Amino acid sequence: MEKWYLMTVVVLIGLTVRWTVSLNSYSGAGKPPMFGDYEAQRHWQEITFNLPVKQWYFNSSDNNLQYWGLDYPPLTAYHSLLCAYVAKFINPDWIALHTSRGYESQAHKLFMRTTVLIADLLIYIPAVVLYCCCLKEISTKKKIANALCILLYPGLILIDYGHFQYNSVSLGFALWGVLGISCDCDLLGSLAFCLAINYKQMELYHALPFFCFLLGKCFKKGLKGKGFVLLVKLACIVVASFVLCWLPFFTEREQTLQVLRRLFPVDRGLFEDKVANIWCSFNVFLKIKDILPRHIQLIMSFCSTFLSLLPACIKLILQPSSKGFKFTLVSCALSFFLFSFQVHEKSILLVSLPVCLVLSEIPFMSTWFLLVSTFSMLPLLLKDELLMPSVVTTMAFFIACVTSFSIFEKTSEEELQLKSFSISVRKYLPCFTFLSRIIQYLFLISVITMVLLTLMTVTLDPPQKLPDLFSVLVCFVSCLNFLFFLVYFNIIIMWDSKSGRNQKKIS
């Protein structure tokens, strides 16, 4: 009883922080003519309510795709339609065709913020609570502390409740998928993940680990027996879920192709705005977007992404395990973020979710990563006038992690899960005994750099010739951190050893 009482308190704390952040500004507030993501979500409600399904993704006089045209999968459109019905009941002006463009009011802001909170309460928060309750080999207090830290992760809160999006829906479905598959409810887990992909196509960042883990399970059961039966069942679940979600768009071939064109807009280029990945960072020194043809950029990003995630995926197929699955989710999502085509700064949330799932296993490194992921979105958060909420939520999260996990005491090679790797290296370099000390120093350098860059960005004006100087520096520093983490997580995956300390797993 006490466990559920404390878990309820944790959820209430998470909800309080979320609602407090929601009282602040949002993307594009009072900034015509395009406004921002808040207006995009409102506009999708307008379009889905007033136009027939076959016109949702097509350009027309009633649906100007240049003005926040719908570019997410059908499940997002259905969610927008559901919200639109509620909006119509409260105030029809909020979704009136054409005349509602750029609509802003306190009442409408309250409505929009409430829709995010309800989605969070229905999908993401229950998944977090159940995940933490199912963790093995840790005390009840640690499970509750784990839930608190995950629910206080500032990146997701600031984007969903500040900037304004519904990332908790797709991430929540993905987490339900992780829960299902880790608990051997493979069909339910696959269904949940299919819903995640059909809500936001960026969930494809997680698709390969799901595929490889399930394929590994099938191989382990034997493809001539139970494994083959499981494979057929999984294929049926995936096909059926996609067919049901896409059914209204399968009536005509052009309908399906148009939706796909909207979901994967190759013509937008290698990257947009300032994002902390390889291509944006490297573009500072060599203008890749201007020098290389579009098709070469596509091939280059595909090959880089594929090669960077291949080792972890092969290992997961050959040795499927719950622990390996979670770490491969991190590695693959980070590879996609760093190397893939058309990445947005908010896509780092797709990496942050699986990092949250290993928070209790490697608290020091997970906390560090989650701090960097929030920092990497600083230019966007400043643009939305969310500096104060960013600072407060980041400090609250950091304090929660420090007090819950004593992260500064968890920096030994064993606690960092680098013991097997260090032993392997010491066979050739016996003096290699300082790895944990190096990581501690790197953490200090990283945190100091982030603090200094934040202060510089807020207090100093950039040179006139370099107006984006601080934004570029934030992205570059974040990218360096992410490259380090990519190496680190792949080391854990490739050097995973049974001789290491017992890992907390979901049964």
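Note that Cβ sites are derived from N, Cα and C of the backbone, with glycine treated the same way.
Taking the Cβ of ASN59 (N-linked glycosylation site) as reference, residues of its chain lying under 8 Å away and at least six apart in sequence are, in sequence order, LEU65, GLN66, GLY69. Residues or ranges marked as N-linked glycosylation site in Swiss-Prot (evidence: sequence analysis): ASN59.
The average pLDDT computed over the topological domain 'Lumenal' (25-114) stands at 97. Residues or ranges marked as topological domain 'Lumenal' in Swiss-Prot (evidence: a curator's inference): 25-114 (among others).
According to Swiss-Prot, the feature topological domain 'Cytoplasmic' maps to 136-143 (among others), an assignment based on a curator's inference.
The topological domain 'Lumenal' feature in Swiss-Prot is assigned to 165-172 (among others). Beyond its flanks by at least six residues, the topological domain 'Lumenal' (165-172) meets 37, 41, 76, 79, 115-116, 119-120, 123-125, 127, 156, 159, 196, 199-200, 202-203, 346, 349-350, 353 of its own chain at Cβ-Cβ distances under 8 Å.
If you look up Swiss-Prot, you'll see 194-226 (among others) marked as topological domain 'Cytoplasmic', on the strength of a curator's inference. The list of residues near the topological domain 'Cytoplasmic' (194-226) in space but at least 6 beyond its ends in sequence, with Cβ under 8 angstroms from a Cβ of it, reads 72-76, 79, 167, 169-174, 177, 181, 186, 234, 237-238, 241-242, 245-246, 263-264, 309, 312-314, 316-320, 324-325, 328-329, 332-333, 336-337, 347, 350-351, 354.
Taken from Swiss-Prot, the feature topological domain 'Lumenal' applies to 248-297 (among others).
Annotation comment: Swiss-Prot describes 319-323 (among others) as topological domain 'Cytoplasmic'.
Per Swiss-Prot, topological domain 'Lumenal' is recorded for 345-361 (among others), and the stated evidence type is a curator's inference. Sequence-distant neighbours of the topological domain 'Lumenal' (345-361) (same chain, 6+ residues past either end, Cβ-Cβ under 8 Å): 131, 135, 138, 142, 146, 149-150, 153, 155-156, 159, 163, 165, 167, 171, 174-175, 178, 202-203, 205-206, 273-276, 323, 326-327, 329-330, 333-334, 336-337, 367, 369-370, 373, 376-377, 379-380, 401, 405, 417, 503-504.
According to Swiss-Prot, the feature topological domain 'Cytoplasmic' maps to 383-387 (among others). Within its own chain, the topological domain 'Cytoplasmic' (383-387) is flanked in space by residues 21, 24-27, 29, 36, 158, 162-163, 458, which lie at least six positions past its ends and keep a Cβ under 8 Å from the stretch.
For the topological domain 'Lumenal' (409-437), the DSSP counts in helix, strand and coil order read 12 helix, 0 strand, 17 coil. What Swiss-Prot records for 409-437 (among others) is topological domain 'Lumenal'.
As annotated by Swiss-Prot, topological domain 'Cytoplasmic' applies to 459-472 (among others), with the evidence given as a curator's inference.
Here Swiss-Prot flags 494-507 (among others) as topological domain 'Lumenal', drawing on a curator's inference.
Residues or ranges marked as transmembrane segment in Swiss-Prot (evidence: sequence analysis): 4-24 (among others).
What Swiss-Prot records for 115-135 (among others) is transmembrane segment, and it gives sequence analysis as the kind of evidence.
The feature transmembrane segment is assigned by Swiss-Prot to 144-164 (among others).
Residues or ranges marked as transmembrane segment in Swiss-Prot: 173-193 (among others).
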Problem set entry | Same-chain residues near the transmembrane segment (4-24), Cβ under 8 Å, at least 6 residues beyond its ends | 113, 116-117, 120-121, 125, 129, 133, 144, 147-148, 151-152, 157-158, 160-162, 385-386, 388-389, 393, 396
Seminar exercise, completed: DSSP puts the residues of the topological domain 'Lumenal' (25-114) at 47 helix, 0 strand, 43 coil
Exercise. Any chance the transmembrane segment (324-344) and the transmembrane segment (438-458) have 3 or more Cβ pairs under 8 A, given the pairs are 6 or more apart in sequence?
Worked result: no
Problem set entry | Contact between the transmembrane segment (115-135) and the transmembrane segment (173-193) (3 or more Cβ pairs under 8 Å, separation 6+) | yes
For this session: For the transmembrane segment (438-458), find every same-chain residue at least 6 residues outside the stretch whose CB is under 8 Å from a CB in it, and list them.
Result: 364-365, 368, 371-372, 375, 378-379, 382, 387, 411, 416, 470-471, 473-474, 477, 481, 484
